[in-house]
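Below is one structure, written out as structure tokens; the observations come after it.
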Amino acid sequence: MAGGAMTDTDGAHKNYPGKMTIFVFLACLVASSGGLIFGYDIGISGGVTSMDSFLIKFFPSVYAKEKEMVETNQYCKFDSELLTLFTSSLYLAALIASLFASVITRKFGRRITMLGGGVIFLVGAILNGAAADVAMLIIGRILLGIGVGFSNQAVPLYLSEMAPARMRGMLNISFQLMITVGILAANLINYFTDKIAGGWGWRVSLGLAAVPAVIMAGGSLFLPDTPNSLLSRGKENEARAMLRRIRGTDDVGPEYDDLVAASEASKAIENPWRTLLERRYRPQLVMSVLIPTLQQLTGINVVMFYAPVLFKTIGFGGTASLMSAVITGLVNMFATFVSIATVDRLGRRKLLLQGGVQMIFAQFILGTLIAVKFGTAGVANISRGYAIVVVLCICVFVSAFAWSWGPLGWLVPSEIFPLEIRSAAQSVVVVFNMAFTFIIAQIFLMMLCHLKFGLFYFFGAMELIMTGFVFFFLPETKGIPIEEMDRIWGKHWYWRRFVGAGAGGKVEITSTV
């Protein structure tokens with residue numbers, strides 16, 4: 001298989017010389033700041049849409065409907081296509097932008113893509129903070145989406161290529177950790193800006209998105225590019241020097257040879273999109289489609305960017321709903337550290353399976369709690385004790401996602417693709433992630449209105465399906481060098497029919513023409 005490496009017939013993977021260096025740690029820390037812009041937007045959008053001053057200015061019909069329905073159906077009071085378009089337009093823009101980002105990443109490197117994403121996101125943040133009408137608001141959201149699309153396409157690849165194999169999981173998950181930090185920061189900012197007299201706090205919330213954008217863009221100016229990217233652009237001497245620097249040793253011959261072989265195979269590919277559709281890459285194609293799709297079908301982004309609206313819907317006051325969102329943001333961030341500490345020791349499959357089971361139970365219990373209190377009529381006065389139980393249940397769900405499908409939904413796809421299809425395949429990951437984020441964001445409030453408490457059962461059923469998918473179809477990838485990843489498919493009971501059983505034994509490096 002193109003981009004493969006020599007592996008022993010017993011399937012033991014190579015252990016390249018090298019160590020974790022301060023240089024790699026700092027580079028990955030700076031690159032992972034790309035997650036801040038994504039996380040900040042997830043957290044900020046739901047908060048401002050629960051602020052009365054924001055609704056009065058841009059969505060007066062939603063505000064009027066909210067006030068009219070205090071004693072009626074709580075499920076439907078925020079159902080507005082225009083309001084959901086404000087939230088979801090970003091993800092549609094990110095979807096389209098990621099396709100263009102693939103070309104930029106391949107031709108100019110991961111660093112340039114991250115820099116461009118940060119600058120475009122910065123412009124969008126300024127427009128949103130200064131918005132005078134809905135059109136200006138949506139245009140700003142679209143620019144934010146382009147920035148997110150560029151960032152999400154390049155950052156996971158950068159982290160996976162810079163990290164040594166035995167620590168790839170931990171370093172790659174720093175991207176998801178930064179997403180959770182962004183969400184928490186946004187929730188805290190919303191809580192305090194909602195208290196600003198004069199009704200302009202939402203401008204501060206939206207405008208402060210410029211801060212993570214500046215961090216990402218500024219940091220990208222000082223980042224080195226990865227050896228993989230340098231080789232694919234014909235910079236052999238720079239690539240070898242960079243590999244020595246990031247591994248902290250001069251003994252990089254075996255790893256460098258494998259990278260060169262992968263690069264030669266990559267250069268032989270004229271159209272990586274067409275190559276991705278070839279039968280031998282069927283496992284990677286399926287994973288690049290289903291993992292991001294299933295990640296969004298957990299319902300996590302519904303909880304995170306609609307958390308204040310959701311809490312308000314089930315009876316919390318405005319300030320209480322924002323504080324509840326802060327609590328879930330804290331849980332989200334701290335639970336991510338569990339994944340960082342265990343992913344390279346326990347492996348990807350165990351975390352995904354255990355997290356899936358926990359999410360299933362949490363969703364069904366949450367649906368039952370809301371069903372008992374609100375029924376199908378959506379009318380109830382929720383007590384403080386009952387509200388606490390609901391928040392605890394949501395926290396159980398969020399924590400499960402944060403140490404499983406949250407970080408691993410980005411990690412696993414970024415580490416399984418050979419170099420010749422890596423940029424294109426990562427764009428597919430981002431496209432499907434953003435597509436289903438857009439779809440769910442656009443229809444969530446309508447689904448809540450029509451399915452009522454059944455919406456949580458729907459997401460629970462999706463989590464049952466995805467847990468089964470991991471159990472049967474996802475092989476373990478921990479500790480395997482990124483350019484040797486092809487061998488796991490040849491040893492898998494199902495995928496070996498596409499790549500050939502020989503891929504699990506000794507694999508000769510070949511190029512595709």
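Each Cβ is built from the backbone N, Cα and C atoms, and glycine gets one as well.
Taking the topological domain 'Cytoplasmic' (1-17) as a whole, pLDDT averages 47 in the prediction. The topological domain 'Cytoplasmic' annotation in Swiss-Prot covers 1-17 (among others) and rests on a curator's inference.
According to Swiss-Prot, the feature topological domain 'Extracellular' maps to 39-81 (among others), an assignment based on a curator's inference.
Residues 31, 34, 150-151, 153-155, 157-158, 161, 216-217, 220-221, 223-226, 229-230, 232-233, 272, 423-424, 426 of the same chain lie 6 or more positions beyond the ends of the topological domain 'Cytoplasmic' (103-116) yet place their CB under 8 Å from a CB of it. As annotated by Swiss-Prot, topological domain 'Cytoplasmic' applies to 103-116 (among others), with the evidence given as a curator's inference.
Annotation source Swiss-Prot lists topological domain 'Cytoplasmic' at 161-166 (among others). Across the topological domain 'Cytoplasmic' (161-166), DSSP classifies residues as 4 helix, 0 strand, 2 coil.
DSSP labels the residues of the topological domain 'Extracellular' (188-201) in these numbers: 7 helix, 0 strand, 7 coil. According to Swiss-Prot, the feature topological domain 'Extracellular' maps to 188-201 (among others), an assignment based on a curator's inference.
Annotation comment: Swiss-Prot describes 223-294 (among others) as topological domain 'Cytoplasmic', evidence class a curator's inference. DSSP assignment over the topological domain 'Cytoplasmic' (223-294) gives 54 helix, 0 strand, 18 coil.
The annotation topological domain 'Extracellular' is assigned in Swiss-Prot to 316-320 (among others).
According to Swiss-Prot, the feature topological domain 'Cytoplasmic' maps to 342-347 (among others), an assignment based on a curator's inference. Long-range contacts of the topological domain 'Cytoplasmic' (342-347) within the same chain, counting only residues at least 6 positions beyond its ends with a Cβ under 8 Å from a Cβ of the stretch, are 166-170, 173, 403, 407-408, 411, 476-479.
What Swiss-Prot records for 369-385 (among others) is topological domain 'Extracellular'.
Per Swiss-Prot, topological domain 'Cytoplasmic' is recorded for 407-425 (among others), and the stated evidence type is a curator's inference.
Residues annotated as topological domain 'Extracellular' in Swiss-Prot, with a curator's inference given as evidence: 447-450 (among others).
Annotation comment: Swiss-Prot describes 472-512 (among others) as topological domain 'Cytoplasmic'.
Residues annotated as transmembrane segment in Swiss-Prot: 18-38 (among others).
What Swiss-Prot lists as transmembrane segment is 82-102 (among others).
Taken from Swiss-Prot, the feature transmembrane segment covers 117-137 (among others). Long-range contacts of the transmembrane segment (117-137) within the same chain: residues 34, 37, 58-59, 82, 86, 101, 143-151, 154, 203-204, 206-210, 212-218, 220, each at least 6 residues beyond the stretch ends and with a Cβ under 8 Å from a Cβ of the stretch.
Within the chain, the transmembrane segment (140-160) has long-range Cβ neighbours (under 8 A, six or more residues past its boundaries) at 28, 31-32, 34-35, 37-38, 41, 86, 89-98, 101-102, 104-105, 110-111, 113-114, 116-128, 131, 168, 171-172, 174-175, 206, 209, 213, 216, 223, 226, 410-411, 413-415, 422-423, 426-427, 429-430, 433-434, 482. Residues or ranges marked as transmembrane segment by Swiss-Prot on the basis of sequence analysis: 140-160 (among others).
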Same-chain residues at least 6 beyond the ends of the transmembrane segment (18-38) whose Cβ lies under 8 Å from its Cβ atoms: 110, 114, 117-118, 121, 144, 147-148, 151-152, 154-155, 158-159, 162-164, 167, 171, 174-179, 181-182, 185, 209, 212-213, 215-216, 219-220, 222-224, 245-249, 251-252, 255
Chain residues outside the transmembrane segment (167-187) and at least six past its termini with a C-beta under 8 angstroms from it: 20, 24-25, 28-29, 31-44, 47, 155-156, 159-160, 205, 212, 304, 307, 322, 325-326, 328-330, 332-333, 336-337, 339-341, 343-344, 348, 402, 406-408, 410-411, 414-415, 478, 482
Contact set, same chain, for the transmembrane segment (82-102): CB under 8 Å, 6 or more residues outside the stretch: 41, 45-46, 49, 58-59, 62, 113, 117, 134, 137-138, 141-150, 152-154, 305-306, 423-424, 426-427, 430-431, 434-435, 437-439, 441-446
Folded-back contacts onto the transmembrane segment (451-471), same chain, C-beta under 8 angstroms, at least six residues removed: 75, 290, 294, 297-299, 302, 349, 352-353, 356-357, 359-360, 363-364, 366-368, 370-371, 374-376, 378, 405, 444
Same-chain residues near the transmembrane segment (348-368), Cβ under 8 Å, at least 6 residues beyond its ends: 169, 298-299, 339, 342, 390, 393-394, 396-397, 399-401, 403-405, 408, 411-412, 453-457, 459-460, 463-464, 466-467, 470-471, 474-478
Spatial neighbours of the transmembrane segment (202-222) far in sequence, C-beta under 8 Å, 6+ residues away: 30-31, 33-34, 36-37, 40-41, 44, 47-48, 51, 53-54, 111-112, 114-115, 117-119, 121-122, 124-126, 128-131, 140, 144, 147, 151, 182, 186, 189-190, 193, 196
